[in-house]
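Heads up: the structure comes next, in structure tokens.
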Amino acid sequence: MTEQTTQAPVPVDLTDRRVRKALGRRDWFAHRPLWRQPLTVAALVVVAGWLAVAALANVLAPYDPLQQDDATYAPPSAAHWFGTDELGRDILSRLLFGARLSIPLALVIVVLALAVGGVLGLVAGYLGRFVDEALMRLTDLVFAFPQIILAMAVSAAFGPSTRNAVLALVIVSWPVYARVIRSSVLTVRGEDYLHAARLLGVGPVTALRRDVVPNSVGPAVVLATLELGNAVLMLAALSFLGLGPRPPAPEWGAMIALGSHDLSKWWVSVFPGLAILTVVLACNVLGDALRDRIDPRFAKGR
Amino acid sequence: MSASVAAAGEAPAAARRRPRVPHLVRFLAKRLAVTVGLLWGVTVVTFALVHVVPGDSATANLSEQALNDPALVAAYRARWGLDQPVYVQYLRYLWNLLHGDLGTSQQTGKPVLSDLAHYVPATMELAVPSMVLALLIGTAVGMLAAVRHGRATDQVVRVGSLLGLSTPPFWLSLVVLYQFFYLLGVSPSGGRLSTDFSPPPTVTGMYTVDSALAGQWAEWWDAVQHLVLPVLVLTCLTVATLIRFVRSAMLEVLSTDYIKAAHAKGLPGFTVLRRHLLRAGLVPVITVSGLAFAALLSGTVLVENIFGWPGIGQYAYRSATALDLPSILGVSLFVALVYTVVNLIVDLVYGLIDPRIRLS
């Protein structure tokens with residue numbers, strides 16, 4: 001952000017090991033090859049692992065996730081690696097099938113919120129004036145509600161179900177995308193090439209599609225990756241409060257809620273919590289890595 | 001979190017100097033108008049939300065048996081004015097609101113205002129210490145990470161803050177409860193006071209303050225013990241966000257020429273940190289802390305649920321599930337008000353800390 005470009009060029013011997021070490025230290029987080037970023041690689045592996053689990057849950061799970069058994073609250077053992085819950089259902093199997101709920105639903109939430117927020121952000125940024133003003137006040141309004149309280153009210157109002165939880169989370173999360181996309185549109189709006197295009201007779205829709213949208217892709221992708229983890233967290237929070245997918249669906253947040261009845265049965269809530277933690281952490285690490293790479297604010301001079 | 005990214009990016013650029021007092025008055029008037037507009041928007045959205053849906057509070061609050069009796073349902077509707085057209089209900093609500101009447105909660109049967117007066121201090125008792133702790137720890141650790149940029153310390157802090165961001169708050173609450181209440185037995189299981197104590201005489205509604213004012217030190221100690229775990233969880237969540245912002249804000253400052261100049265003229269490292277880095281780096285941190293406080297209030301919904309803490313989070317949860325419109329509106333208005341007031345304070349402090357930005 002600071003003007004570093006005006007500095008007189010100092011001859012730097014890039015073959016000097018000390019120089020390369022110093023430069024390497026400056027760019028610790030950015031522009032390193034993937035294999036030099038162990039954290040990012042680990043996050044990729046975790047995400048790939050969870051995607052595989054979601055796809056192969058029926059093959060991997062040792063039991064039916066809904067099948068009840070006499071062995072209620074069995075602690076972790078060879079038969080039930082993660083133990084069983086109050087109805088004797090195998091927690092490992094429920095956890096694996098839970099990936100089929102949380103991950104696709106989080107993706108749906110992010111895609112829908114990105115679509116709504118993206119279009120509104122583009123329109124607001126490109127048209128400007130009162131359209132911009134009105135849309136930004138609307139985002140202010142949504143921000144003034146605490147996310148979870150608004151989501152809670154929406155899903156309670158429409159009745160607790162998977163669809164309504166997703167709807168609620170889209171309603172609370174689109175303004176973030178609208179803000180980010182709008183500001184990236186604003187950065188290109190005054191550019192000469194847009195004026196040139198307009199003088200050449202390019203219509204607003206084409207200009208948006210050809211010149212404005214490509215400039216917003218980077219920030220949007222970064223935000224979507226970071227928000228993916230957030231969507232998993234919020235969805236789990238809603239179902240923890242009993243406002244998500246209906247029981248007996250093996251949703252991670254709802255599984256944690258089951259464990260809160262009896263603290264001594266730690267395995268009931270610890271494992272689903274770890275599942276959420278690993279997915280969200282991986283998304284956040286990936287989002288960070290992407291941002292370091294794409295967002296010039298974070299990549300330049302760091 | 002990402003909301004704050006967007007907001008931080010829109011921080012006002014350095015402003016031209018103008019006569020300060022009229023500017024301040026104009027600024028405050030404008031903010032007041034925005035706040036009123038925002039609060040009005042909150043009432044519209046909440047009203048629309050509750051009326052657009054199929055169910056109403058009659059179906060949510062009356063028993064199965066009562067629902068089969070049309071006369072009872074009609075009486076309930078008439079009691080709460082639900083038989084009137086929506087616009088009549090809305091105008092009546094606005095009229096009462098302008099007279100300082102937030103209506104009566106359908107589930108507690110008490111005025112919403114007195115419900116809020118009862119629950120808000122409980123939440124503040126959690127939120128304020130968490131915010132203060134998070135600001136102190138977040139600034140210190142974030143600065144450390146920025147100064148040690150790219151070294152092992154930085155990496156550890158980075159992973160730690162990512163962990164904090166990725167942990168479900170309700171799960172973390174359960175984990176600490178299991179550890180400190182069930183396994184170690186050093187902490188109470190939840191609530192604000194043990195059953196052998198009665199609440200201290202109400203002054204502020206915050207038990208720790210009230211018991212200290214009344215000189216009831218046994219109660220005070222008990223209340224503090226009940227605070228520790230929920231405050232710990234809320235601090236962890238908030239500090240994770242703050243650290244990341246402090247770190248990137250401080251990195252921005254560290255790359256400026258005046259820091260280099262301060263080092264070059266031979267100032268001791270610590271003096272540079274305190275006098276030059278901390279002061280300049282605090283500006284974006286303060287902006288973010290307004291949003292972080294709002295996020296913290298959201299977090300209390302889940303944390304209060306687990307610790308059985310009778311605060312506005314619990315109240316909001318019960319109102320939302322019961323479709324209790326006056327209470328939902330009351331909570332939403334309160335939180336929106338906090339949000340705007342905190343942001344106003346942030347903007348004012350902003351100008352005080354950074355003389356380059358005088359209320360642009």
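Backbone N, Cα and C atoms are what each Cβ position is placed from, and that goes for glycine too.
A quick note: this is a predicted structure, and the numbers were derived from the prediction, not measured.
Per TrEMBL, the features are as follows:
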{"type": "DOMAIN", "residues": "A:99-287", "note": "domain 'ABC transmembrane type-1'"}
{"type": "TRANSMEM", "residues": "A:39-61", "note": "transmembrane segment"}
{"type": "TRANSMEM", "residues": "A:103-126", "note": "transmembrane segment"}
{"type": "TRANSMEM", "residues": "A:138-158", "note": "transmembrane segment"}
{"type": "TRANSMEM", "residues": "A:164-181", "note": "transmembrane segment"}
{"type": "TRANSMEM", "residues": "A:220-243", "note": "transmembrane segment"}
{"type": "TRANSMEM", "residues": "A:266-287", "note": "transmembrane segment"}
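Comparison of A:39-61, A:164-181, A:220-243, A:266-287 by number of C-beta pairs under 8 angstroms to the transmembrane segment (A:103-126) places A:164-181 first.
Here the transmembrane segment (A:220-243) has long-range neighbours at 102-103, 105-107, 109-110, 113-114, 118, 147-148, 151-152, 155-156, 160, 164-166, 168-169, 172-173, 176-177, 180-181, 184, 251-254, 256-257, 276, 279-284, 286-288, 290-291, 294-295, meaning same-chain residues at least 6 beyond its ends whose C-beta is under 8 angstroms from one of its own. Same-chain residues lying 6+ beyond the ends of the transmembrane segment (A:164-181) with a Cβ under 8 Å from its Cβ atoms: 105, 108-110, 112-114, 116-118, 120-122, 124-125, 135-136, 138-139, 142-143, 145, 147, 150-152, 154-155, 158, 216, 219-220, 223-224, 227, 230-231, 234-235, 238-239, 243-245. Sequence-distant neighbours of the transmembrane segment (A:138-158) (same chain, 6+ residues past either end, Cβ-Cβ under 8 Å): 164-165, 167-169, 171-175, 178-179, 234, 237-238, 241, 243-244.
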